[in-house]
Each structure stands twice: as C-alpha cells, then as structure tokens.
Amino acid sequence: MIWEELTHQLESLSKENLTRNRRTLESSCGSHAVVNGQSMLAFCSNDYLGLASHPVLANAVCESAHQWGTGSGGSHVVSGHMSPHDQLEKALAHFVGAERALFYSTGYMANVGVVPTLVGRGDAVFADRLNHASLIDAVQLSRADHRRYAHCDMAQLEKMLSESTAKRKLILSDAVFSMDGDLAPINELFELAEKYDAWLVLDDAHGFGVLGKEGRGSLNHCKLPFHPRLVYIGTLGKAAGVSGAFIAASSTVIEWLMQRSRSYIFTTATSPVMASALLASLKLIEQGDDRRRHLQTLIARLSDGLDNTRWKLLPSFTAIQPVMVGENDAVLKVSAKLAERGIWVPAIRPPTVPKGSARLRISLSAAHTDEHVEQLVHALKEIK
Ligand code: PMP
C-alpha cells in the first residue's frame, strides 16, 4: 500500500536517532517554560531580548485587536494592507537605513519570496554551505544554478564567481548563522558582489535586534550602508518577540517584489494586530541597550564557565552558543540528562546540521539571569 513506505521511513529515522519530537508548552517560553507540569530552565528560544512576553507588546495587541479586528481578510495587494502594516514598513526601513521595506508573514516566506524574484533559469546563486533551510528552498524554487561554497570561504566564492558565465549572479548568505552563531564576512561578501556585479542577499534572522547600534542588525554592525545591490532580510519572530519578517532594499527592488514575489502576493496579510505589536517592539529594541549589554554579559559568563571543560563552544559572540557533540545519540543523551536536571537545551541533528556535527544549541536571552547561566554551566560540568 502506498502509505507503508512512510512507516518504514519513520522507522529508519527512529533507528538513526533522527526523529524530531516536540514538547507542548504549558506556559510562555521566557527564561523558563512549563512542560508536563514542570518548570524548566529554558535555553531553547530565539526570543533573544526577552520581548515575547513583554506587557507593552501584549497591550499593543489588545488595543489593536479592538481597533483593527483580528484578521486582515485579504492579501496586501487586494484589501489586507492596513495602516499598522504601512507604518511598520516605514518604521523598519527607517530603522535599518533602507529606502523601503516590505513586511512578510514569516522569514521562510520572505526568503522563498525574494530569491526567485531576482534570479531564475540561466542565472546562478552562490550560497554558503551552512545557509538556513529556507534559503536552500528559495534557490530551488528559483531554478537558478545552486553553487555552494565552503562555510565563509571567500577564496572559493571568488573562484566560483570568476568562472561563472551565468547571466545574473546572486550571493546568498545567513548574516548570523542559525546553528553556529558566527557572523558571515559581510564586508568581503559585499566587495565580491561589487567586483562581479552580483546581488547580495543577506538573511539577518539572528542579528536583527541583537547586533549593531540600537539593535539595527548585522549590516550596521559591519558599518555597511545600504546599496542598490544589497537586499536585507530581518525576521521578527526572534529578537522582536512577535512573528513575521521584512525585506529592506532599494525602492526599485521593493516595488519589483510587490509585483512579483509570490509569497507576498498570494497569501493573506498578517493580522494587523501583529503589525501593531511589532511597532511597539521596534521601540523597545531601539531602547534596548541594557538588554543587549546584559546578553553580552551572559555570553561571556557562559564562555568563561565552560572554559577548560570538555564542552567546547563554537566561536560565536551572538546569542546562539552551540556546543559541538558530534554523534546523534550522544547529543540526545546530553540533552536528556540536562532535562532530568530541569534544563532545556535542544539537541540539533542532521539534516539541520551536517552529519557528524550534532550539537547542543544554547540560546541565551536577556530574560536569563547570571544565576541561570551558572546553573547551566554547573549541570554541564556534572554530566559525564
Ligand atoms: N532564516 C534563518 C537564518 C532562520 O534561522 C529562520 C528561522 N529559524 C528563518 C529564516 C525563518 O524565519 P521564520 O521563523 O520567521 O519563518
């Protein structure tokens, strides 16, 4: 029968320790989350600034729901684009220093929406090997040639660019890598984009709100101003504490996306309530230097705490602090031992990361205290 194959595939996933399991949370996920009636110290959320449970955002949601209703009722290009969406786009563009911005429902949709709009058959995308899955899918949707260079290897990227005969070229990279936490060589990427007349598309899902002056993101951190060849994607479900994403670029690119980007056009606009919450969040991000400073203190504390232990953190100065373990069963065991101690750190396995590089992905948040990090360090030291 046609479904039997699926049963076998599920069995083989389980044998390889690759089954994904989800926990149902009985509370919001701040520094702690309640699971099965137990409060766990949580290092698993991308709510890097601790804004997802902020009362100012909750109030913005309630007020907005009364004024605008809960649903947009239409696509942005028909009847779903309301004042909160419009204000948000203008505020986001201004915040990151771009001419214009376009608000998408999720980062996944922004990514699959932008790449096929800029390149197609006969063109080539030059992509970092560790790019996020949504960027990989975006290239496949575009039908452009997918050329992948070793992680942050600028020499290999330049060789590929110089040998390419593609009509249009696009360089595509995470700005902060989602499972490693390191920053892409953004200035070098831009120089190569200039030299070979390519687009540069950067996904700053994990840098927006965290890096740069007042949280303006990775481009700001690297002091790279906007340019007509630069397309920036920020997501709003992580540091911004809500959901959604935006693309910031030149007016021409944004206008073209509005005309052609299928995941922007053929979907219902996100609820105006979310846009209102995001407007409130943007102000908190801008005023969030204390939160960002605290986050940096926690990062330093974790790295000092694990120094000279068997747990090796990958080099990262962002909120994503991965500990490399290697094998799938080993990482599952460590994660389970932490859970026994009331600590939640997710085990990340292939295909999310390359085979043999399973890891603990510790996400720090400004919602954590020094003591929380100490607790984690202590627990890791105890585990054999
Ligand atoms: N890009 C990167 C680098 C991500 O890590 C993620 C989410 N994990 C996304 C895009 C997708 O964003 P969203 O969750 O808003 O769909």
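Backbone N, Cα and C atoms are what each Cβ position is placed from, and that goes for glycine too.
Residues annotated as substrate binding site in TrEMBL: Arg20, His132, Thr352. According to TrEMBL, the feature domain 'Aminotransferase class I/classII large' maps to 40-380. The pyridoxal 5'-phosphate binding site annotation in TrEMBL covers Gly107, Tyr108, Ser178, His206, Thr235. Sequence annotations record features per position, and here TrEMBL assigns N6-(pyridoxal phosphate)lysine to Lys238.
Locations of recorded TrEMBL features on the structure.
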residue: Arg20; record: substrate binding site; Cβ neighbours (10 Å): 7
residue: Gly107; record: pyridoxal 5'-phosphate binding site; Cβ neighbours (10 Å): 25
residue: Tyr108; record: pyridoxal 5'-phosphate binding site; Cβ neighbours (10 Å): 19
residue: His132; record: substrate binding site; Cβ neighbours (10 Å): 21
residue: Ser178; record: pyridoxal 5'-phosphate binding site; Cβ neighbours (10 Å): 22
residue: His206; record: pyridoxal 5'-phosphate binding site; Cβ neighbours (10 Å): 30
residue: Thr235; record: pyridoxal 5'-phosphate binding site; Cβ neighbours (10 Å): 26
residue: Lys238; record: N6-(pyridoxal phosphate)lysine; Cβ neighbours (10 Å): 28
residue: Thr352; record: substrate binding site; Cβ neighbours (10 Å): 17
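With respect to Tyr108 (pyridoxal 5'-phosphate binding site), the closest of these binding-site residues in Cα terms is His132, chosen from Arg20, His132, Thr352. Taking the Cα atom of each, Gly107 (pyridoxal 5'-phosphate binding site) and His132 (substrate binding site) are about 11 angstrom apart.
Here the CA atom of His132 (substrate binding site) lies 13 Å from the CA atom of Thr235 (pyridoxal 5'-phosphate binding site). Confidence across the domain 'Aminotransferase class I/classII large' (40-380), taken as the mean pLDDT and rounded to a whole number, stands at 97. Within 10 Å of His206 (pyridoxal 5'-phosphate binding site), counting CA to CA, the recorded positions Arg20, His132, Lys238 contribute Lys238. Selection of the recorded positions Arg20, Ser178, Thr235, Lys238, Thr352 by a Cβ distance under 6 Å from ligand 1 yields, in sequence order, Ser178, Thr235. Taking Ser178 (pyridoxal 5'-phosphate binding site) as the reference point, the recorded positions whose C-alpha atoms are within 10 Å of its C-alpha, out of Arg20, His132, Lys238, are His132.
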